[in-house]
């Protein structure tokens, strides 16, 4: 049976920890979308690991891991990240990681183009990570991309990469990029990659009787190309539908869809953010929560929990359970606000829909409910009944407001065991 972990906001919700926990019983862990633009941190046996392109199921020695067809694959980052986690003690990780031959290759060329495209937008920048993700997915959609399996065919690979280089030079002129240098690097990568590249369908059929398959979402629903705050989104399908498509999942095999919700809201980069707090509360959330991006180091924008957004996310991803993270960051607030409705520019009140037009979203007025804080330390609490009454009331308010979806896990700190599991 399949469990899927998905971000419900704008990313950085803390998906890695629940994935790490669930991977202990998983025999297969898969990434379905995104690339090395994703980022999360796992603290495992007092060692901190930063994951980007690799599935975090690698922390479990019995878990096989797949980077699936919906991803974009930056080869240097793959080997760098693999070496880094093995150097920290995850021995044998290289023998447990595979990549679909249908994933697309993200080149250094794409990163150069990403920067040029962002520069061309001027004040309307999307705020990308600069990793080349958007240009790579653009090449995929335009049917000119290079797939991982083609790396093994030297002649085809080099022809297609040179064609990409020529097409981008036609568009932008001279580039700070040497295609022959990249081709030379791949001559070294080719044999190193070969043991990791698999026919995805064949690979998944070999594991179809896996009692516990875990799908690890990247980014989050509000960064989804179709359902997110377009154009301030990533370039892939980050929700439930994207996971099913990328991994050819049988929907009947899905036993749980876990939405990861930060106890407040953050986003990196540009774009609408209705509950953002450009005040002392936002500053406090940023400082106490240490809200800096794992991938870029950029400071995250912070605001109160937005339940309109969460209801919208649930309506698309159909969560069966929630993991509420970073509850402890709210410990020192006298009062905690929660967004429960939007007042649209035309005066209409909505509680579960998110407008498609970013100009409309920018003019939304958020209706808040103010709840009492608990003013006591929850870090490391491991039993629900040991939480302060007001903290439990906060959690139960969220459950009611998101249609009764149970909050089954509650994060109370950065360590792997700083998690409450409710029956």
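Heads up, the Cβ atoms here are built off N, Cα and C, so glycines get one too.
For the IMP site, Swiss-Prot lists 12, 13, 14, 15, 37, 38, 39, 40, 129, 143, 219, 298; matching the candidates 156, 163, 234, 320 against that entry yields 234. Comparing the recorded positions 40, 299 on other C-beta atoms within 10 angstroms of each C-beta gives the minimum for 299. Between the binding-site residues 17, 298, 300, the minimum number of other C-beta atoms within 10 Å of a residue's C-beta occurs at 298. The binding-site residues recorded for this entry are 11, 37, 41, 327, 412, and the Cα of 11 lies nearest to that of residue 300 (substrate binding site). Most Cβ neighbours within 10 Å among the binding-site residues 11, 14, 39, 297: this distinction goes to 11.
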